[in-house]
């Protein structure tokens, strides 16, 4: 009860503080481009707060940077306390948003959105347009008198919200296209203005005490190269070009800061600061080589990888993990949905990979070759997933998948299996509608139940499967091959997948954000007091903007490296003992398995009989499901319509749920398509 009260209090504090910061910055943005701000407010602010310890950067950082980082710390505490509750049950029954706010809509260019997303996106666009227009008006008014002085640069601040992987990618695409459109217009208009006024030489100026045009042009070129390769045709047909070009974001950010100066960069510093923390922690985790215990090769060019994991690693259904195989590519990281359940399988983590590209095809060829290897070096980042689930709020779950889109539903079914059998809680009735190209893909259904750890009373779960094979008219006469199991011999240096910051990862993350920011402030204060301020006060020239921006970036990276490395190494030391116990246990199991026949291994790794849990399996050949009819025939009061598959399938289900034909349908899209 006390924990619930604290969680509610923190959540309320986050909402209030976020509202205050949002409204405060809106007011700041409203007055910033006006004459009143330049002639009155700005002079008083700088005169009153330009301390020798932080300089002009201090008030800007106080307004833009500190509140967002403080919200992030409160969010970490909120998630930590929420994690300690019986999250599977309580979070699933939490208060929902009004249905009209969650009703899906299909907007051309944006895809499937709900009213909340559309409203926020519209307000953000309106704010950007108004701010840019008012800024241009003021700039042209000031040009004759001040010759381009006091040019303000506006930056968008990414919201600190808990987002799913799909939503993060969606917002990333929206904001990326919007930002590059504005940046490109900004650069083009300046070049056009210089051309009209016969001042193209401005393009070659590196203003050491003002805006650096060359740095802005380099940043824009990097951004354009990154932006062009995101075109869908290029991204799909030349994925490696798209992937490697995205690393230009490093130079884009560096030269962007050198272009506008660190003072105005504080507007976007909170998002960048948190991104660097996350990126460095992922770098530390990716240096570890994980234990790949076994793999199952399915007849449909699909493989299941089984990793060893520590018991302290917990994750929710539909979580994803990024995998890197250095023998294929040292730079490529690919996300895959975790199909295992951390409650049913506390010492194993599984992913299913289907051959749908050059990287996955090479991985399949390596593992499925007759002369299979004894060890495959693999690194991982993650898992990443939703902080909570809400499947129990529905009476019926209709899961609609196409091809490999079934993988997130495997993790959901296993979670509901654990809830219904172990926690003695009534799970919703499940209807799984899976669409496959040919009958060989039906072997993926064998992965629905775990190979081990399933409870004996798994029959409590009401599961019905409707499988559709679209490219075959009837059952194939050829007998399908059984899945082939391959056991690996991990190296002693390979470690089980463990949480990078231990079981209390949210607390550690809050500590990293707080301590690193304090270290950064101390370094910045000393640097300003003893280096910048004496030059600004005792000479005619100001301290170099380029050096100041470079030193600030160095201080940020150094502070984050110190705090994050200390937290990571501490938790690595704590996890070493458990990792040694897991390795010893696995080595004994592997040695026993190596003395057994291959047939015995295959039988041992097979999933539990589907008939013990699944009420009925119907296979339909040569047809596609009539989703409108199926969904309309379900009369239960609350029906969750979950869809994972091609874009057309997701849009069809969204259109059905938003059509108003049935008020009991609740749409939710699960997609990781880039």
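We number each residue from 1, going along the chain as drawn.
Backbone N, Cα and C atoms are what each Cβ position is placed from, and that goes for glycine too.
Under the heading domain 'FAD-binding FR-type', TrEMBL lists 285-390.
The feature transmembrane segment is assigned by TrEMBL to 12-32 (among others).
TrEMBL lists 60-81 (among others) with the feature transmembrane segment.
Taken from TrEMBL, the feature transmembrane segment applies to 109-133 (among others).
Annotation comment: TrEMBL describes 171-193 (among others) as transmembrane segment.
According to TrEMBL, the transmembrane segment annotation covers 214-234 (among others).
If you look up TrEMBL, you'll see 246-277 (among others) marked as transmembrane segment.
The transmembrane segment annotation in TrEMBL covers 506-531 (among others).
Sequence-distant contacts of the transmembrane segment (551-570) (same chain, at least 6 residues past either end, Cβ-Cβ under 8 Å): 57, 254, 257, 262, 265, 273, 276-277, 280-281, 284-285, 500-501, 508, 511-512, 515-517, 519-520, 523-524, 527. Under the heading transmembrane segment, TrEMBL lists 551-570 (among others).
Across all of the domain 'FAD-binding FR-type' (285-390), the predicted model scores a mean pLDDT of 88.
DSSP assignment over the domain 'FAD-binding FR-type' (285-390) gives 13 helix, 39 strand, 54 coil.
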